[in-house]
Amino acid sequence: MSDRPAARRWGKCGPLCTRESIMVAFKGVWTQTFWKAVTAEFLAMLIFVLLSLGSTINWGGAEKPLPVDMVLISLCFGLSIATMVQCFGHISGGHINPAVTVAMVCTRRISIAKSVFYIAAQCLGAIIGAGILYLVTPPSVVGGLGVTTVHGNLSAGHGLLVELIITFQLVFTIFASCDSKRTDVTGSIALAIGISVAIGHLFAINYTGASMNPARSFGPAVIMGNWENHWIYWVGPIIGAVLAGGLYEYVFCPDVELKRRFKEAFSKAAQQTKGSYMEVEDNRSQVETDDLILKPGVVHVIDIDRGEEKKGKDPSGEVLSSV
């Protein structure tokens, strides 16, 4: 009998609560600025995949293949991503990588709803970029179109570990380079990210093809229909990215103010459990932190609790995330 009133209350509150939760989750999505950012992620990934995969084409063909030029490939990938971050960083944040986007979600710099659109745009851009390269490349030299594969002498577990490590160093570089609390960063953030990508390729091309980017592997895999060990290029980079983002954000360089608020919240919760149980309603609007947007000489800082922005506020009230 006692469950019926509760069921009635839930019947009235449930749909409303669900609608409110959905509206909060999709806050800022239906804005022109956000869709410009999604389009930028799509275009940046398309150009990146087209240019970088082009460096993997062996123009000697299958009969007389030329030696693989690891330096050429590494520089092309690194400089391509640096250029795209420089071009689109102020529009979308320049993720250009689903693993980076997931790391931003885990560190509360972008909402889950927005990340879904970002990742979809990245994957679509990668497919179209790989498709364009396939169309303009002679069939006799197209080869594997840069599809990432694990070396024959390596197990899937070893390949997974390699992808985890190289993505970890990339994402850690991103978080360290874009840390607004640092005053010693004077060089180009885009170039630092590009160098990190190049280093990952120099190390891991012979191991796994050095993906570090699930969309980069997804695009050519769709065009060529080659899905061998493809899961490695999603699981490895995403785990490495989440570990890097979490360790940097919450262990190595935590925000002092955020840490203080967490302590206050936990202490209040502990005090409430000691007395009578109370249901507390928080009327403050929940605003997620959409991280820093790269601009030359300008750093954007957002207050995590209050959603206050010191510079460059988006018309929707939020700031798009960035690397």
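Glycine too: its Cβ is placed from the backbone N, Cα and C atoms.
What Swiss-Prot records for ASN153 (among others) is N-linked glycosylation site, and it gives sequence analysis as the kind of evidence. All chains included, 7 other C-beta atoms sit within 10 angstroms of the C-beta of ASN153 (N-linked glycosylation site).
Counting every protein chain shown, 13 other Cβ atoms lie within 10 Å of the Cβ of ASN206 (N-linked glycosylation site). Here Swiss-Prot flags ASN206 (among others) as N-linked glycosylation site.
Feature annotation from Swiss-Prot assigns intramembrane segment to 94-101 (among others); the stated evidence is similarity to another entry.
For 209-222 (among others), the entry in Swiss-Prot reads intramembrane segment, with the evidence type similarity to another entry.
SER111 (phosphoserine) has a Cβ environment of 24 other Cβ atoms inside 10 Å. Sequence annotations record features per position, and here Swiss-Prot assigns phosphoserine to SER111 (among others).
Feature annotation from Swiss-Prot assigns phosphoserine to SER180 (among others); the stated evidence is similarity to another entry. There are 14 other Cβ atoms within 10 Å of the Cβ belonging to SER180 (phosphoserine).
Swiss-Prot lists SER276 (among others) with the feature phosphoserine.
Residues or ranges marked as phosphoserine in Swiss-Prot (evidence: similarity to another entry): SER285 (among others).
Residues or ranges marked as phosphoserine in Swiss-Prot: SER321 (among others).
Among residues of the same chain six or more beyond the topological domain 'Extracellular' (58-69), those with a C-beta under 8 A of the stretch's C-beta atoms are 140-141, 143, 205. Annotated topological domain 'Extracellular' per Swiss-Prot: 58-69 (among others), in sequence order.
Residues 52-54, 56-62, 130, 162, 206-211, 216-217, 220-221, 223-224, 226, 228-229, 232-233 of the same chain sit 6 or more residues outside the topological domain 'Extracellular' (137-155) yet have a Cβ under 8 Å from a Cβ within it. Annotated topological domain 'Extracellular' per Swiss-Prot: 137-155 (among others), in sequence order.
Positions annotated as topological domain 'Extracellular' by Swiss-Prot, on the basis of a curator's inference: 223-231 (among others). Mean pLDDT, taken over the topological domain 'Extracellular' (223-231), works out to 96 on the 0 to 100 scale.
Marked as transmembrane segment by Swiss-Prot: 37-57 (among others).
Sequence-distant contacts of the transmembrane segment (70-89) (same chain, at least 6 residues past either end, Cβ-Cβ under 8 Å): 40-41, 43-44, 47-48, 51-52, 54-56, 96, 188-191, 193-199, 201-202, 205-206, 210, 293-295, 322-323. Residues or ranges marked as transmembrane segment by Swiss-Prot: 70-89 (among others).
Residues or ranges marked as transmembrane segment in Swiss-Prot (evidence: similarity to another entry): 116-136 (among others).
Long-range contacts of the transmembrane segment (156-176) within its own chain (CB-CB distance under 8 A, at least 6 residues past either end) are made by residues 99-100, 103, 107, 150, 182, 192-193, 196-197, 199-200, 203-204, 207-208, 210-212, 229, 232-233, 235-241, 243-245, 247-249, 253, 323. Under the heading transmembrane segment, Swiss-Prot lists 156-176 (among others), citing similarity to another entry as support.
Within the topological domain 'Extracellular' (137-155), the DSSP-based counts of helix, strand and coil residues read 0 helix, 0 strand, 19 coil. Looking only at the recorded positions SER111, SER180, ASN206, the one with its C-alpha closest to ASN153 (N-linked glycosylation site) is ASN206. Spacing of SER111 (phosphoserine) relative to SER180 (phosphoserine) is 20 Å (Cα to Cα, whole number). Under the DSSP three-state reduction, SER111 (phosphoserine) is assigned to coil, being neither helix nor strand.
Helix first, then strand, then coil: DSSP counts for the topological domain 'Extracellular' (58-69) stand at 0 helix, 0 strand, 12 coil.
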